[in-house]
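What Swiss-Prot says about this one:
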- HIS74, GLY115, HIS116, SER117, GLY147, ALA148, ASN175, TYR282, GLU365: thiamine diphosphate binding site (BINDING)
- ASP146, ASN175: Mg(2+) binding site (BINDING)
Amino acid sequence: MYPLLENINSPADLRLLPRTQLPQLAGELREFLVESVSKTGGHFASNLGSIELTIALHYVFDTPHDRLVWDVGHQTYPHKILTGRRERMHTMRQHNGLAGFPKREESEYDTFGVGHSSTSIGAALGMAVAAKTLGVDRKSVAIIGDGAMTAGQAFEALNNAGAMDTDLLVILNDNDMSISPNVGALNNYLAKLMSGRFYAAMREGSSKVLGIAPPLKEIASKVEEHVKGFFTPGTLFEEFGFNYIGPIDGHDVDVLVDTLKNIRSLKGPQFLHIVTKKGQGYKLAENDPVKYHGVTKFDPANGLASGKGGAGKPQYTQVFGDWLCDMAKLDKRLVGITPAMREGSGMVRFEKEHPDRYYDVAIAEQHAVTFAGGMACDGLKPVVAIYSTFLQRGYDQLIHDVALQNLPVMFALDRAGLVGADGPTHAGAFDLSYLRCIPNMTVMAPSDENECRQLLYTAFQLDTPTAVRYPRGTGPGAEIQQQMAALPIGKGVVRRRGKQVAILAFGSMVHPALAAAEALDATVADMRFVKPLDAELIRKLAQTHELIVTVEENVVMGGAGSGCGEALQAMGLAVPTLHLGLPDDYVEHGDPALLLSLCGLDAAGIEKSIRERLAG
């Protein structure tokens, strides 16, 4: 079925093929990718768009000696297939299977681990400098696209690289399509300058003015050429010190091979601009690349199923999105901000209903936080919808620009806790630890869908920095009350009364704790707030129980349990404690329920840990 692909187990095998067979290989690779991802799910449209580029890179460069650094990793399935992992593609994003992103431990061809965007240029530059310093003759290549060029980190690296005499190649895979449509001045610059009215007017204007004097036609031609050069995409990158080449067709493997061979012999920083189509070769993905960016299992003949197949429980992301729209109707000061995650953060409806109050700042988490701070200074009430793992990228701004000034910015932290198939790069394992130590912050963790809605409302009422963290996927199925009411700040609630053991559960761990408590006859408190903690409730439970257990879907170190321990110590209560949470390690990808079980954070694991502690 795949006569060429089946004989390629490494790039060395690929380089044995005559160039005339590379287009056939691209076709086979595309067919294999459709078949494979349709069975496992995963990133799809970006991978279809990077096939010819991947073939050309491994054909021209001596990988793994030469370094390929992929940005984000959404487009690296073809790379994995060509580097000896074809037979394991059926394990993609499953526990103990292939990771969905490049991972150094997985293959020597994965030169740099990624998952977050805009890191490739800086990493590849570091490798280029290392090669030069150590006297190693090798090339370093950064492949960046999927909206990652909108992030400031990419331009920091470009600025540094252009001033250094290193053999670095940056390839911009320009498919004009990130997860959400690219926004901002840079995308406008790349996408519109060549066809824009301003460029056309400049060209026409210079011709008209200089056309008055016929002998100056030659000068006019040169001026027009100069105007064209000044306003083409390459100008920006040449100003950074790169030799700009392109744009070229990213789906013409012959052109790619010829161009890369020429560039390989050049010295200094090079910038190759290629144009590709996201979803190339699979019409449904070409027509709707957002829908097919990341997919579940599907029938290749019919594509992804339409609709959701019935009512079912809403995901927490939807609970947030509905609350945001409802709250916007009640308070005209509300504005919504997302760093290029409109769909993932549940803001599609909000953008449609309130386009003048919706701000997608592109992949710019640092800017998103400071931007929100500026809005809050002058009377708006910004809500920053962001994944827990991505807020890490704006941590200094969170402290310096928001919390230090005690500004009313609300952070809606999606994907808090483990995220399953996306693995450790996307897990929200640290937010309780890095938020609770910041003065002026109020941190909340709802236990179900209705509590999520009410705590979102509660957070919005405060005129100080707040964060509400909630997990990926669906909750336990609590009935959502449309009427919103602010919950008492820093107060938890006892959900079950038992004896001997009191479990202080936070957020997503409340319901597993309740299930464990049935077997233990333990007390369970839904703490709701990580900061401020309900010190009075902790005191009462400590005075009436023999063991205090804290449970959270966050690392134990510095998390909510640590806060409870600090509170007990401050009150002088020497009650035995047990802190349960994520380990001091990175939890790998896999089914979320399986991962929680392996971490001892399902009902059975919680019960087991408590019984072992009681047994001494």
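Residue numbers in this text run from 1 along the chain shown.
A Cβ is built for glycine as well, from the same backbone N, Cα and C atoms used for every other residue.
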Position of peak Cβ density within 10 Å, selected from the binding-site residues HIS74, HIS116: HIS74
Number of other Cβ atoms within 10 Å of the Cβ of ASN175 (thiamine diphosphate binding site) across all protein chains: 24
Nonlocal neighbours by CB distance (under 8 Å) for GLU365 (thiamine diphosphate binding site), same chain, sequence gap 6 or more: PRO339, ILE386, PHE390, LEU391, ARG393, GLY394
GLY147 (thiamine diphosphate binding site) CB neighbourhood, other CB atoms within 10 A: 27
Extent of the thiamine diphosphate binding site in Å [max Cα distance among HIS74, GLY115, HIS116, SER117, GLY147, ALA148, ASN175, TYR282, GLU365]: 32
For ASN175 (thiamine diphosphate binding site): DSSP state (helix, strand, coil): coil
